[in-house]
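Below: one structure, written as structure tokens.
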Amino acid sequence: MKIKNLLLGSLTSIALVTSGQSLADYPNKDIQGIIMWGAGGSTDSVMRSVTPYAEEKLGVDVIMTNRSGGVGAIATKYVYSQKSDGYTLLMGAENPQMHKVLGLSSIDYSDMIPINILARGTPIIVANNDAPYNTFEEFVAYVKAHPGEVRTGMTGNGGLTSIVLAMLESQVKLDLTPVPYNGDGPALTALQSGTIDVMSSVIGAALDHIQAGRMKVISVIDAKENNLLPGIAPITDTYPKLSSYLPWGPFFGIFVKKGTPKEAIDKLVAAFHAAAENESFKQLMAKRGFEIMNESGASAEAFLERYRSVSSWIVYDSGFSKKSPADFNIPRP
Amino acid sequence: MYMLNAWVSLDYVLLTALGTLLGIYVGAIPGLSVTMAVSILISFTFSWDINNALCLMIGIYMGGVYGGSRTAILLNIPGAPAAIVTALDGYPLAKKGLAGQAIGLSTIMSVIGGFVGIAVLAVAAPAVSDFALLFQPRDYLLLGIMGITLVGALSGRSLIKGIFAGALGIGIGTVGLDPLTAEERFTFGYVELWSGISPVVVMIGLFGLTEALVQLHNLDKAMIKQKVDKIVPKLGDIKKYLPLSIQSSFIGVVIGALPGTGGEIASLMAYDHARRVTKKPEVPFGEGAKEGLIAAESSNNAAVGGAFIPMLTLGIPGDAVTAVFIGALFIHGVNPGPLLIETRPDMFWFIVGTLLLANVFLLIFGLTGIKVFSKIIQCPKGILIPIIFLLSIVGAYSIHNSVSDIWWMLAFGVMGYFMRRHGYPLSPIILGVILSHLMDENWRRAILVERNDLGAFWANLFSSPLSLTLLFIIVFVALSSTPFWRILKQKISRK
Amino acid sequence: MNRMCITSEQLFNLLLLVFSSFFLYHAFHITEDSGLGSSASIPIMAFSVMVMASLMALGKSIFSSVRPVEKIPRAVFLVLLMILLYSLFLEEIGFLISSLVFIGVLVFAINGSRLVTSFALALLVVLVTYLVFRIVFKVMLPEGMIPEREILFYLKNLFN
């Protein structure tokens, strides 16, 4: 590493002489953004649509790279292995918050500093158009009358579908036949072709299909009605006890490793805060059914902690976590 | 009428041309994928007008799918998975000094395939997408089985070794966290293996690296002189192959339109089809049959039009690239979904128009510069081979930006080298890797939908016309390649 | 022919058999779910087929006559070693230097060019690759010892 320092030193002196600029000024080179999901996914498109505005504020390029795999663990590990100098950002979704209890990884967002929690989604339950039920009560009654006949799409343990189902199971026993999919996109397609009858998803992913009349919503997993889906009763109307978990939903955020200098964090926070304030970004998110949060600092950390505690205990109670949340000092919600 | 919008502005035309040209190179360089290029363009074209951005991206997509064939023919390194089948007959042609002709032919056939794909998209998009939705997990499974029967054709001298290779490919495809239940399969606690081994890595290792290693054996042999005259195929030849090209294109459109299957599976199916309908190829398949090249190239470019069908009618991506397109359209404030054709017919026709334009540019750029390209492989082996090695390494690295992919590439290269030494065919491995996910996921869905009840599985299979048709085709294909069939045929004709 | 001597083909087939059996064994331990649709179903099927096929290939190679195999040229080993070294040092040293050495050494060894010519050629190849991947398509290649991003930033500022 000596050569690097030497080169850096000589370069700094050149830079100082020619521009009078001090190297201490962050940022003085391009920043790397590591996206934890593949190109074309919702995390990818959210990050690629907010970052250009932040680039303007920062004055350098943010080069975004997709490092998908391991439900986000690979990207998280990578960013964690880099220097905490503010030049490597983790652009991710909610997944790492479950990694500890699922035994996937020993790193989650509590080992990172949130730069910005951009937005969160609201889960809903959608059903095939031909399904003989239109509300959540009718759905429960139908499942009770026809045990095992209703097929539901699942996206793996720890995924949104598994947590929503576990939430419901804490209130009512449902005998459904799970059919596995590798993402909610393919599962929503299967819902339309009748392979599965019902599944949970987020508003953003299903909204277009609902508006085109290709599937129907039977419940909103929230404590209040959603203005994009007027007339659909929130789940708390049926199970008021669930309100202790809600609002709950997947989110998108940008993080740096703990130990990053304050100067860099402040600049990044300011840049991404301004970027998420941008009108066209806000409109875009609203259209996709995501709720803008644009939070950083203590409030972002509180949100992350709450998400982790709710989800970890739900999966633990329903019996498919590998480790107890108590092992990681995650408090019960 | 909206379609003409794409052609009247000089900006649009120039951007489409630029995109197509860039795409050819992106496609040709292993490790640069069209998916990657298009997603980089999202942030690059962020502040642009949406139509401008679309022109560039569609150009890259069209050019990229075609571009994969270049390196497949010249170096035996398919630039993209969709070009794997192209390498099977394209590279042998280059070895005979016919690289120029092969590229010329593949260009014409790609363009024909492209036009068929676009035509179907323009005329019958809603009908095709409704048809695609009819496919149940068991039907995808049957498609996979149909593809795997190709092992027989790709095995060369030893069927047993071919079957071994095919099964190995399926096995390799299952490595990683199971995409359905996230259980670890053959990861041995190694996190880098969670996302599995990319088919592109296997491909670069088995095709590119192995071939380059084998080339080290004959360093002293003189280079094959490439004939660079008669690059554009004769009109008579095109006419002769047109029926096959059109048939392959239709296979390409349908497979491309199915969510979850793309150009690589389309070209496999078309290749299989070509092998069956071609009674007397001038040279056997796998040794430089033009029919094989035609089937592969027509179908994978037709699959581009196909992939846009579910995207523009249902908002469901037909492949990885259209998934990125959906993201791009969202960012520019257009919702590609079931409502698009009604609410934004201008957008739909603009995309169709641009695709058409990109296809025209493909013809122009595809037929120019062939001479330079085919000269590349005439540069001294001692220089060319190290460059191939570097390209393979960088290509493998840049898929996930990970060094462990270089090791896999190296491991597959070594394995391929020894398997080839001992008479094991390599292409069934790739076939298996490509089809592995399709078969694994859909077999399990098909049986889980029936709650692990095999009886119900068969009952539903036999009561569905679509599944029955697919099953019938498989049985027919399987029987027709056994000696039993030939005896039966002779008996019938004698009577 | 000496019957006691194992041919390389037999050895290779035996190796494949061991390899397939090892993975088949692991396939049975993927999951506790024993249903038809478990995550182990396709792997078990694939590796069973491999075990059977390699067994048959081994049998065939024992009872058939020996096919002569070419000797492996030394260049193959050199290349494999170089790729391994390259992958081990890539992140530490960086793309630019390691690729330069890689191409330079290989061209020198395989093509028999003069050392200077080899490295001049290597420099050209590396620069073109770098330009295409890093500058045009913004693929991050490992930087290693050269502070590329600082240099690029500096160069960019010169033009602004």
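One is the number of the first residue shown, and numbering goes on along the chain from there.
The backbone N, Cα and C atoms fix where each Cβ goes, glycine too.
Values in this document were obtained by computation on a predicted structure and should not be read as measured data.
Look at TrEMBL and you will find B:12-38 (among others) tagged as transmembrane segment. Sequence-distant neighbours of the transmembrane segment (B:12-38) (same chain, 6+ residues past either end, Cβ-Cβ under 8 Å): 5-6, 51-52, 55-71, 77-80, 83, 200, 204, 208, 320-321, 323-325, 328, 354, 357-358, 361-362, 365-366, 391-392, 394-399.
What TrEMBL lists as domain 'DUF112' is B:14-431. Each residue in the domain 'DUF112' (B:14-431) has a pLDDT score, and their mean in this model is 86.
Residues annotated as transmembrane segment in TrEMBL: B:50-67 (among others). For the transmembrane segment (B:50-67), the residues of the chain that approach it from at least six positions outside its boundaries are 5-6, 11-12, 15-28, 33-34, 37-38, 41-42, 79-80, 82, 106-107, 110, 114, 263, 297, 300-301, 303-304, 321, 325, 328-329, 332-334, 350-351, 354-355, 358-359, 361-362, 365-366, judged by C-beta separation under 8 angstroms.
For the transmembrane segment (B:103-128), same-chain residues at least 6 beyond its ends with a Cβ under 8 Å from one of its own Cβ atoms are 3, 62, 65-66, 69-70, 73, 86, 90, 230-233, 237-238, 241-242, 245-246, 248-250, 252-254, 256-257, 290, 293-294, 297-306, 308-309, 312-313, 341, 352, 355-356, 358-359, 362-363, 366-367, 370, 373-374. Annotated transmembrane segment per TrEMBL: B:103-128 (among others), in sequence order.
The annotation transmembrane segment is assigned in TrEMBL to B:140-156 (among others).
The transmembrane segment feature in TrEMBL is assigned to B:163-181 (among others).
As annotated by TrEMBL, transmembrane segment applies to B:193-214 (among others).
Annotation comment: TrEMBL describes B:320-341 (among others) as transmembrane segment. Among residues of the same chain six or more beyond the transmembrane segment (B:320-341), those with a C-beta under 8 A of the stretch's C-beta atoms are 34-35, 38-39, 41-42, 46, 50, 53-54, 57, 61, 64, 125-126, 262, 307-308, 310-314, 347-348.
According to TrEMBL, the transmembrane segment annotation covers B:347-370 (among others). Here the transmembrane segment (B:347-370) has long-range neighbours at 1-7, 12-13, 16-17, 19-21, 24, 51, 54-55, 58-59, 61-63, 66, 100, 103-104, 107-108, 110-111, 114-115, 118, 121-122, 228, 231-232, 304-305, 308, 312, 329, 334, 340-341, meaning same-chain residues at least 6 beyond its ends whose C-beta is under 8 angstroms from one of its own.
Under the heading transmembrane segment, TrEMBL lists B:382-400 (among others). For the transmembrane segment (B:382-400), same-chain residues at least 6 beyond its ends with a Cβ under 8 Å from one of its own Cβ atoms are 29-33, 36, 75, 77, 195, 198, 200-201, 204-205, 208-209, 212, 215-216, 219, 376, 406, 408-409, 413.
If you look up TrEMBL, you'll see B:466-488 (among others) marked as transmembrane segment.
Outside the transmembrane segment (B:140-156), and at least 6 residues removed from its termini, the chain residues within Cβ reach (under 8 Å) are 88, 162-163, 165-166, 170, 255, 258, 260-261, 265, 268-269, 271-272, 275, 285-286, 423, 425, 427-428, 431-432, 434-435, 438-439, 441-443, 446, 467, 470-471, 473-474, 477-478, 481. Same-chain residues lying 6 or more positions outside the transmembrane segment (B:163-181) and placing a CB less than 8 Å from one of its CB atoms are 148, 151, 155, 187, 193-197, 199, 202, 419, 424-437, 439-441, 444-445.
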